[in-house]
Amino acid sequence: MRPSDDHGETSEFLPITRSRSVSAASQTSTDSSLSTESLFPGEQKPFPNVNGTMALADDDQYRDLEDGEVEQTEPFLASSKKAATGGGRARRIFWILVLLCLGGWLLAFALFLTGGRANYQTASDALQAHGADSALGSTSTSSGKPVTLQQVLAGQWNPRYHAIGWVAGPNNEDGLLVEKGGDEKQGYLRVDDIRSRKGNDTGRESRVLMWKPIVHVDGKAIVPSNVWPSPDLKKVLLISEQQKNWRHSFTGKYWVLDVDSQTAQPLDPSAPDGRVQLALWSPASDAVVFVRDNNLYLRRLSSDSVVVITKDGGENLFYGVPDWVYEEEVISGNSVTWWSNDAKYIAFFRTNETSVPEFPVQYYISRPSGKKPLPGLENYPDVREIKYPKPGAPNPVVDLQFYDVDKNEVFSVEVADDFADDDRIIIEVLWASEGKVLVRSTNRESDILKVYLIDTKSRTGKLVRSEDVAGLDGGWVEPSQSTRFIPADPNNGRPHDGYIDTVPYNGYDHLAYFSPLDSPNALMLTSGEWEVVDAPAAVDLQRGLVYFVGTREAPTQRHVYRVQLDGSNLKPLTDTSKPGYYDVSFSHGTGYALLTYKGPSIPWQAIIKTQGDEITYEDRIEDNAQLTKMVEAYALPTEIYQNVTVDGYTLQLVERRPPHFNPAKKYPVLFYLYGGPGSQTVDRKFTVDFQSYVASSLGYIVVTVDGRGTGFIGRKARCIVRGNLGFYEAHDQIATAKMWAAKSYVDETRMAIWGWSFGGFMTLKTLEQDAGQTFQYGMAVAPVTDWRFYDSIYTERYMHTPQHNPSGYDNSTITDMAALSESVRFLVMHGASDDNVHLQNTLVLIDKLDLSNVENYDLQFYPDSDHSIYFHNAHTMVYDRLSDWLVNAFNGEWHLIAKPVPDESMWERMKRSLPLLYP
């Protein structure tokens with residue numbers, strides 16, 4: 001399960017531009033801390049009891065008629081002749097009375113409308129005055145237009161980022177990068193030397209790999225959607241007609257372009273229209289391994305024929321590509337194929353899904369299967385059967401196999417002390433030298449790690465390291481693919497091969513160096529009450545430097561550091577004197593890097609040159625000038641970063657206050673969360689998202705707190721949630737909300753919480769645990785409601801199997817419908833074709849609500865939408881609904897419809913008001 005990419009960053013190949021000036025964002029950002037020890041709840045003020053009916057006097061003329069009853073009235077016009085002669089005057093009196101009654105009724109109706117809503121302020125208007133709370137920093141003085149939801153959804157607030165493709169030169173030259181998107185004079189696809197861009201004579205000239213963005217094959221125009229140059233830069237692999245499969249996987253038609261002749265041919269000349277799932281260059285640039293119909297093939301460029309590596313792949317057997325659950329929860333990618341460094345071997349997964357149960361996903365509008373229905377069957381939904389293992393059900397059986405390129409032979413290596421087939425998850429494969437490969441595996445519940453060393457030449461293997469993480473701190477092993485091989489170099493003090501891994505150390509995740517490869521003992525490179533992130537980023541083998549990103553300054557920040565390979569002389573490379581959030585991508589030889597500053601001010605990117613302890617800025621390639629202009633023109637919320645202490649744990653929090661915040665007023669508060677294990681929502685990246693829109697345009701306060709279970713606050717706080725998802729996380733949200741409810745500028749009668757995916761689960765779990773005491777409203781999108789319904793690999797990592805932890809699954813399930821009924825109202829939305837968090841979750845919840853006679857909720861489904869809810873304008877609609885629903889909640893509308901009472905029509909009231917009108 002991954003957080004929804006609601007405000008995803010753009011990352012694209014763009015022509016690199018020269019340096020431009022950049023100004024800081026005008027968002028105000030301050031820091032403070034708050035503890036439960038200083039919490040003094042204020043006087044509780046009950047919400048006005050309004051049910052939407054008009055208070056009427058106990059008078060017969062206003063009572064409702066029983067069914068079939070007719071009121072008796074005297075005739076208005078007498079039958080006598082005397083009465084007839086005075087008809088004109090009587091008519092005038094009649095119409096005067098009618099107009100007076102009608103006017104009185106309209107006045108009463110208007111008073112009802114205004115009076116019934118007088119206690120429900122809209123946005124930040126009509127807020128009650130209270131004393132200011134100045135403990136949390138300054139208020140916003142930014143001016144300008146409010147942020148619009150349309151801007152957020154259209155990505156207008158997304159920073160512009162460049163993804164540079166660093167490549168090694170044919171002779172292992174450093175500082176070369178691939179650029180895509182130039183004009184015909186520059187060439188569409190080029191390899192540039194960063195030194196040449198700065199006018200350095202030592203730089204290589206730019207080399208054009210593709211002159212035009214379109215190539216022709218047998219008279220057919222091929223428009224590639226992505227490109228991959230060969231390591232020797234003499235060929236380019238192209239993909240066209242790309243189609244998405246799952247989150248990371250896709251298929252397409254592949255082509256090989258010759259750089260010198262600018263001509264292309266199909267990857268498989270015998271099947272040019274075949275759809276390929278994966279294609280990877282050989283390190284020797286002389287071959288491409290690819291997957292089609294779940295089988296592996298090898299195309300040597302010296303021949304037009306292809307070599308069949310596997311033959312039995314199909315519906316239940318996958319070779320070289322992951323199945324759904326491995327793609328989503330283990331690899332986070334579309335490839336489980338790895339070339340050895342010398343191009344002599346290929347390692348790949350064989351995934352057997354035969355025993356995995358299927359789950360049907362229905363599509364009512366589209367037909368993603370691509371199959372045309374038979375005549376007469378057009379009105380039936382397209383059904384996609386997914387092999388989806390749920391907790392306790394059979395998992396796919398994954399084996400590591402190898403292919404000897406020269407011998408054209410597939411083989412496996414048996415290893416003693418390996419996990420059983422039904423208890424093995426392979427999380428990483430890393431080639432070393434001389435045909436050796438490191439394999440990291442865990443048991444099914446992901447709390448025992450085993451590292452194996454396999455020798456493909458001798459076809460032997462052994463266990464070299466084992467860690468009982470559950471016994472260490474009750475935690476789990478998070479899958480990652482960041483382990484780095486360190487080759488031996490006696491001249492630089494490395495007599496043996498080794499590798500750098502991330503391991504738990506004194507309660508935090510840190511870098512450890514293992515050498516030789518079969519050593520179980522590590523040299524710790526980092527330590528302290530902070531953590532490394534997806535490390536190492538790069539290793540300078542000549543100078544013995546390890547570069548990495550870490551949270552040493554604060555959990556919400558990311559800075560770039562370097563440390564010697566012996567663990568000494570750790571230093572930051574980025575400016576740590578002020579808050580910052582950086583990312584980095586190093587060149588092949590680590591002499592250069594793309595440094596990306598993501599916040600809190602306006603993001604920028606620069607090419608830097610590394611010189612050991614120092615960095616030199618070579619070229620500013622992006623300063624997001626357009627974003628700077630928008631920041632100056634719009635009123636952004638004030639962001640206040642704080643620490644809160646709950647049960648002795650220090651948690652990270654950000655409060656977004658509306659522009660022109662007035663501490664003398666009372667504001668509604670929306671809590672936003674994700675909260676999944678190891679995740680992080682509170683960080684220092686520049687972000688203008690839905691929460692920013694809520695604060696800027698709607699005038700509400702938005703609070704986000706990363707509770708226990710989230711990442712980068714230490715393993716003690718993270719691992720406590722294992723086996724009981726939702727309990728501590730919800731407790732932390734409620735405890736923090738009580739702190740905010742006690743603040744002088746918060747309207748404690750108007751507090752809501754919302755989230756998507758795991759955040760949707762957390763919204764419902766918080767409402768359930770809170771039972772209306774703190775939060776009155778909630779909005780849950782695509783929520784898990786019972787962890788038995790989610791996939792096995794993710795769930796069992798944090799919950800064990802249902803067989804081992806039945807009570808934990810019972811406790812984490814949304815079951816207390818009476819508690820949910822105590823909130824004023826909540827909203828649930830779900831994509832009907834969600835392949836990740838199945839619609840089953842919401843449907844079972846609705847059944848429980850029905851059985852408990854609970855009606856205080858709204859429900860919305862989106863046909864054919866998956867977990868991201870995008871199909872047919874659904875993404876816009878889901879956020880429109882969130883916005884409107886929230887406004888109605890804080891306006892008090894859901895109180896008005898809580899207990900509906902029939903209301904008389906205007907005509908019926910008029911008739912009883914003037915009984916003489918009707919004989």
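Positions of Cβ are set from backbone N, Cα and C atoms, glycine also.
Feature annotations, reproduced from Swiss-Prot:
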COMPBIAS  1-10  compositional bias 'Basic and acidic residues'
COMPBIAS  21-38  compositional bias 'Low complexity'
TRANSMEM  93-113  transmembrane segment
TOPO_DOM  114-919  topological domain 'Vacuolar'
CARBOHYD  Asn200  N-linked glycosylation site
CARBOHYD  Asn352  N-linked glycosylation site
CARBOHYD  Asn643  N-linked glycosylation site
ACT_SITE  Ser757  active site, charge relay system
CARBOHYD  Asn811  N-linked glycosylation site
ACT_SITE  Asp834  active site, charge relay system
ACT_SITE  His867  active site, charge relay system
Note to self: Averaged over the topological domain 'Vacuolar' (114-919), what pLDDT does the predicted model reach?
What the structure shows: 92
Check: Do you know offhand how many angstrom separate Ser757 (active site, charge relay system) and Asn352 (N-linked glycosylation site) by C-alpha?
Finding: 28
Notebook entry, point to check: Asp834 (active site, charge relay system): which of the glycosylation sites Asn352, Asn643, Asn811 have a C-alpha within 10 angstroms of it?
Noted result: none
Note to self: Helix, strand or coil for Asn811 (N-linked glycosylation site)? Use DSSP.
What the structure shows: helix
Next item on the list: Based on DSSP, name the secondary structure state of Asn643 (N-linked glycosylation site): helix, strand or coil.
Entry: strand
Next item on the list: Pick out which of the recorded positions Asn352, Asn643, Ser757 has the most other Cβ atoms within 10 Å of its own Cβ.
Entry: Ser757
Margin query: Let's check the environment of Asp834 (active site, charge relay system): how many other CB atoms sit within 10 Å of its CB?
Written below: 21
Check: Among the recorded positions listed here (Asn643, Asn811, His867), which has the Cα closest to the Cα of Asn352 (N-linked glycosylation site)?
Finding: His867
Next item on the list: Would you find the one among the recorded positions Asn811, His867 whose Cβ has the most company, meaning other Cβ atoms within 10 Å?
Entry: His867
Notebook entry, point to check: Cα of Asn643 (N-linked glycosylation site) to Cα of Asn811 (N-linked glycosylation site): how many Å, rounded?
Noted result: 29
